[in-house]
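Quick look at what Swiss-Prot annotates:
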BINDING   R47  NADP(+) binding site
BINDING   R125, A126, S127, G288, K303, P304, T305, A306, T307, R329  FMN binding site
Amino acid sequence: MGSSFGDLFRISTFGESHGGGVGVIVEGCPPRLELDLDEIQAELNRRKPGQSHITTPRKEADQVEILSGLLDGKTTLGTPIAMLVRNKDQRPGDYSDMAVAFRPSHADATYQSKYGIQARSGGGRASARETIGRVAAGAIAKQLLRKAAGTEILAWVKQIHTIEAHGIDPSTVSMNDIEANIVRCPEASVANQMIERIEAIGREGDSCGGVIECVVRQPAVGLGMPVFDKLEADLAKAVMSLPATKGFEIGSGFSGTLLKGSEHNDAFIPGDDGRLHTATNNSGGIQGGISNGEPIVIRVGFKPTATIRKEQQTIDSDGNATTLAAKGRHDPCVLPRAVPMVEAMVALTLADHLLRQQGQCSLW
């Protein structure tokens, strides 16, 4: 329970951080889609640990194995696609202290309370390694959306701790801009400040959080359904299911609460393509829970990494007060590696809604 996502384009992830491997089963992908397997691996490379000095030093190749669902290794059959990444660089001994003391603000205590047992080594299903399956499946969803509607999905780091980038234009930012530095902030001068802040906080044995922004350019019109299956509601659920997420905004977000209706409303204007367009995009590309064809713009807040080397007050499994200074290899800031995770969850949501839209509204 709780390890599957989606309705028609549905994924189920499996595996633990220090188990044999992690992976995903993708169901509902349409047949005859020619997949670029290098693109799937490239997305996993963006997510994998050890890619820079501001991420966890754990070394994993994260090489994907596709076990089923493809003809000649590239063409989807319409049957379940199973993908596996084997764990290689495990150090269970780093978690000996955590076997008896709960990490503050981590899932240790709540998993123990719920199940009466937990995978203490590496955090089990609460580890960010669970997201490998999401990113691999999201890479397939990205290719489906691009072929079906010309949709492009890009995310980047907008804020680290108190340092925020203000000069990024969602309509023009490119993948090259985002990947130009290790923090994945397209505003170069701000990126350098972010890197220095992560380094400084990491040296203290501490961690920091921030905000990732994501844009969907050329989304299909009509995605989403009234009331309980609104597109923004499903996007919020998707990205808020990622580890360490604590906040979600779309369009103007909370700043829109400071405007009057006359200031916030997106005036409709005719477009050269024969479609309705809006003069502004405070709605973030979604109105009434349904995509209007304008860029979808969301922001996701991530808390500081819970596992830190700094000594903290906690309790042990018997309820006694103790302290914990975590060992192991952990990200001082999750955001640089979370960028492809956000893109993946957005892609999976849109792919699912695209199939639902086609199934309901394209019969005649």
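We number each residue from 1, going along the chain as drawn.
Backbone N, Cα and C define each Cβ position, glycine as well.
Here the features listed in Swiss-Prot are painted onto the structure.
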{"residue": "R47", "record": "NADP(+) binding site", "contacts (Cβ under 8 Å, 6+ apart)": "D62, T131, I132, V135, R337, P340, M341"}
{"residue": "R125", "record": "FMN binding site", "contacts (Cβ under 8 Å, 6+ apart)": "S3, E16, A119"}
{"residue": "S127", "record": "FMN binding site", "contacts (Cβ under 8 Å, 6+ apart)": "E16, S17, P243"}
{"residue": "K303", "record": "FMN binding site", "contacts (Cβ under 8 Å, 6+ apart)": "S105, G209, A244, T245, K246"}
{"residue": "T305", "record": "FMN binding site", "contacts (Cβ under 8 Å, 6+ apart)": "S207, G209, A244, H330, D331, P332, C333, V334"}
{"residue": "T307", "record": "FMN binding site", "contacts (Cβ under 8 Å, 6+ apart)": "R103, H106, G123, S207, A326, G328, H330"}
